[in-house]
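Engineer: The repeat 'WD 1' annotation in Swiss-Prot covers 83-123. The repeat 'WD 2' annotation in Swiss-Prot covers 126-165. Positions annotated as repeat 'WD 3' by Swiss-Prot: 173-212. The repeat 'WD 4' feature in Swiss-Prot is assigned to 215-254. The annotation repeat 'WD 5' is assigned in Swiss-Prot to 257-298. What Swiss-Prot lists as repeat 'WD 6' is 308-347. Among the features that Swiss-Prot reports, repeat 'WD 7' is placed at 356-389.
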Amino acid sequence: MSVTATSHDILKSIDDSILPPEDTLSEAMYNNVKLDHYFNKLPKSSEENNINDQTNQLIVSAAPESEDSPAAEWKLLRTLAGAHQGWIRAIALDEITNKWYVTGSADSTIKIWDFENNSLKAVLTGHVLGIRSLCISKRHPYLFSGGEDKSLRCWDLERSNSDAGCQIRSYHGHLGGVYSIGLHPELDVLFSGGKDCVVRVWDIRSRVEAMTLLGHTNDITSIETDYNDPQVITSSMDGTIRLWDLRKSKTELLITNHSKSIRSMKSHPKEATFVSGDSNGEIKQWLLPKGELLNEFGTSQLSPNQRDNSRIINTLAINPVTNTLFSGYDDGKLEFYNYTTGNLQQSGQSPSLAGPEQSAIYASTFDMSGLRLLTCHGDKSIRIWGTSY
């Protein structure tokens, strides 16, 4: 590992001397509000009229009655059929304004959508292969993307009138596709991981690769970051979770409780906990900072003869308001759990628009009001779910 003096100074010590000023949130709100002006200037994309807006009914399986049964069931409100020209594996919501979101697809494009009416506002091109990961900065008007083309790209969404487009930086170093990215909440530092099994740490301004975190032996599938130690958590197809010590550039804790590959991991937005889901349909809940196992739910609640080894969990999302955990499966199944108790509240099947071979749910996110859930699918569609709260 080679570390430049500048990047080493950035990462060797997470202390007050390198933290941003306390008005970071105000600055972030200012920067993101400017995106509204950016959207208002954009003409409607010619592709917008080609999106087939469909509404389907969720095929629901009633969960057993329990004390924490939801006040209202989640229902499919809208389907954006043909939202992309290939599978959609990445989604990110602007958490500051809650007004727009972005999706990335096998068609190598990134699309920006208006959340209020789900209209297409812009299409970003530059990647030459499919998009696997997206991340929106809360501190700058930047969008970061990672793709099968082994590259990371930074997009300045305020440079809409530039002849060169709004891509302002690219980061090269990965030897395979980039499947997950994450931004440090306080520093201008980007984390990326993917097929080459290495977590790479970047100074987003200088594009310097500040350090590499080694240890995983298979694809890295998720990266979560936090203000507090451990500041970086990663999951992998090798079935492990690693909590990293950035000061020492090494694994602080290795979690090996999963028996199958881990496809998704998600930190709770308000609690010092996180969850991980594997290809056997098992979801495990962990307590930070020591990584203690708090709860197990998913197929672990079923008897052995009910287990289905094909129950691959591709995506997890946590509702910031209702504390509901969503899990999306490779065969199109959906499940909603009480995050605190682990009890199953609702399950169902999302019907595929292109046959069972393309029924997978690949990515998901709740909006900041907790009233909407966005899911991305193998059949090229985006779906919006809601409740009657």
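Glycine is treated like the rest: Cβ placed from N, Cα and C.
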Engineer: Quick one: DSSP breakdown of the repeat 'WD 3' (173-212) into helix, strand and coil?
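Structural biologist: The breakdown for the repeat 'WD 3' (173-212) reads 0 helix, 21 strand, 19 coil.
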Engineer: Give residue numbers and ranges for long-range contacts of the repeat 'WD 7' (356-389): same chain, 6 or more residues beyond its ends, CB-CB under 8 A.
Structural biologist: 58, 70-93, 95, 98, 101, 103, 105, 113, 115, 118, 314-322, 324, 326, 328-334, 350
Engineer: Quickly jot the same-chain residues contacting the repeat 'WD 4' (215-254) by Cβ under 8 Å, restricted to those at least six beyond its ends, or write none.
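Structural biologist: Hits for the repeat 'WD 4' (215-254): 1, 11-14, 179-186, 191-195, 197-199, 201, 260-267, 272, 274, 276, 278, 286, 288-291.
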Engineer: With helix taken as DSSP H, G or I, strand as E or B and everything else coil, how many residues of the repeat 'WD 7' (356-389) land in each class?
Structural biologist: 3 helix, 17 strand, 14 coil
